[in-house]
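For reference, Swiss-Prot has these:
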{"type": "MOD_RES", "residues": "SER40", "note": "phosphoserine"}
{"type": "DOMAIN", "residues": "45-107", "note": "domain 't-SNARE coiled-coil homology'"}
{"type": "REGION", "residues": "159-366", "note": "region 'Disordered'"}
{"type": "COMPBIAS", "residues": "168-179", "note": "compositional bias 'Pro residues'"}
{"type": "MOD_RES", "residues": "SER177", "note": "phosphoserine"}
{"type": "COMPBIAS", "residues": "211-235", "note": "compositional bias 'Polar residues'"}
{"type": "MOD_RES", "residues": "SER221", "note": "phosphoserine"}
{"type": "COMPBIAS", "residues": "236-262", "note": "compositional bias 'Low complexity'"}
{"type": "MOD_RES", "residues": "THR294", "note": "phosphothreonine"}
{"type": "MOD_RES", "residues": "SER301", "note": "phosphoserine"}
{"type": "COMPBIAS", "residues": "309-332", "note": "compositional bias 'Polar residues'"}
{"type": "COMPBIAS", "residues": "333-342", "note": "compositional bias 'Pro residues'"}
{"type": "DOMAIN", "residues": "384-443", "note": "domain 'SH3'"}
Amino acid sequence: MAELQMLLEEEIPGGRRALFDSYTNLERVADYCENNYIQSPDKQRALEETKAYTTQSLASVAYLINTLANNVLQMLDIQASQLRRMESSINHISQTVDIHKEKVARREIGILTTNKNTSRTHKIIAPANLERPVRYIRKPIDYTILDDIGHGVKVSTQNMKMGGLPRTTPPTQKPPSPPMSGKGTLGRHSPYRTLEPVRPPVVPNDYVPSPTRNMAPSQQSPVRTASVNQRNRTYSSSGSSGGSHPSSRSSSRENSGSGSVGVPIAVPTPSPPSVFPGHPVQFYSMNRPASRHTPPTIGGSLPYRRPPSITSQTSLQNQMNGGPFYNQNPVSDTPPPPPPVEEPVFDESPPPPPPPEDYEEEEAAVVEYSDPYAEEDPPWAPRAYLEKVVAIYDYTKDKEDELSFQEGAIIYVIKKNDDGWYEGVMNGVTGLFPGNYVESIMHYSE
């Protein structure tokens, strides 16, 4: 405050007086220089002296103006700071007044209200009576509670009597049919066909139960034994007088010893034989086609073969009245072969029970059949093939590039496609067929 007062009373008025004095002094200097330049004989010297006065006068005036300007700016700064302090004081007074007004308003509002006493409590309150902990009781785990849930196949254990075996139904769907490619070529480069249901096998109308026969023991039997997974078949045929050949279907059940579980063996179906009138009913092995058949000699028999797992004991049982017989479907349209050789089948001592397995619902079975191509392949068989399979269901082709076959037909597989279809040769004809309608053939010899 004293500084501002000194500026206002002393320095700023002193600067103004100095400027007025400089003004009057400059007028006198100007008159002197003019007269000196006119009267002096040395014009050059007079001119130089005039220049020196002019420069000094300009410097003096500039200094005085600068001093006065600084004093004025300093005065303005001091006044601005004082104004800020005054503004702050006024704001403080205004806030104080507002606070006082709010207090008065709250007091007036409080007069119109009543006091309420609130008790403070904890957010979590412990229960007054503690619950007794429940004792843990262990319950056994039921591993079969989810057996009927989902799309899995539930296998039921069946007590199979000797000689009886339920027929397996054919698959309801076959693999996606391959497209119709070029002329006669087999390919899978076109879109697949839609899945079509396959009709199940039907028992023929001329089904005749087998008559009761006595089984005579023999040392040799022209049959092959092979084990399959839960499917046993014995193929036989009975002749009738008058040249008629009624087809019958039978199945026999055998329990093999250890080593016969889990070996998948396909079962071929023999072709219909030709039995002359008067010949007794007899068992016989599936004959070769007429094109490769040689008349057997009476009393002769094929060498007996059995798998190594049941070399000790073999049981061939045929049921009376219920003895299942399989229908003999022809493999080709060749003439019927000559009458077969009488080959009695005998019963040996029952085999030992199978060893205990982890899976109780799967049982090993022995299938007896005679493979017509066991010794050598027919002339129409390809030189190189992947495996030889036998049809386990009847199949009728839907397109020209497929094969039609009946149960027991022998097919030589030359290619396996990724979509489940096989390419094979049957009776000299090459075509496609579903892979789930056949099973592989495995031969065992001593």
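Using N, Cα and C of the backbone, Cβ positions are placed for all residues, glycine too.
The secondary structure of SER40 (phosphoserine), as reduced to three states from DSSP, is coil rather than helix or strand.
Secondary structure of the domain 't-SNARE coiled-coil homology' (45-107) per DSSP, as helix, strand and coil residue counts: 63 helix, 0 strand, 0 coil.
Sequence-distant neighbours of SER40 (phosphoserine) (same chain, six or more apart, CB under 8 Å from its CB) are ALA46, listed in sequence order.
In the predicted model, residues of the domain 't-SNARE coiled-coil homology' (45-107) average a pLDDT of 94.
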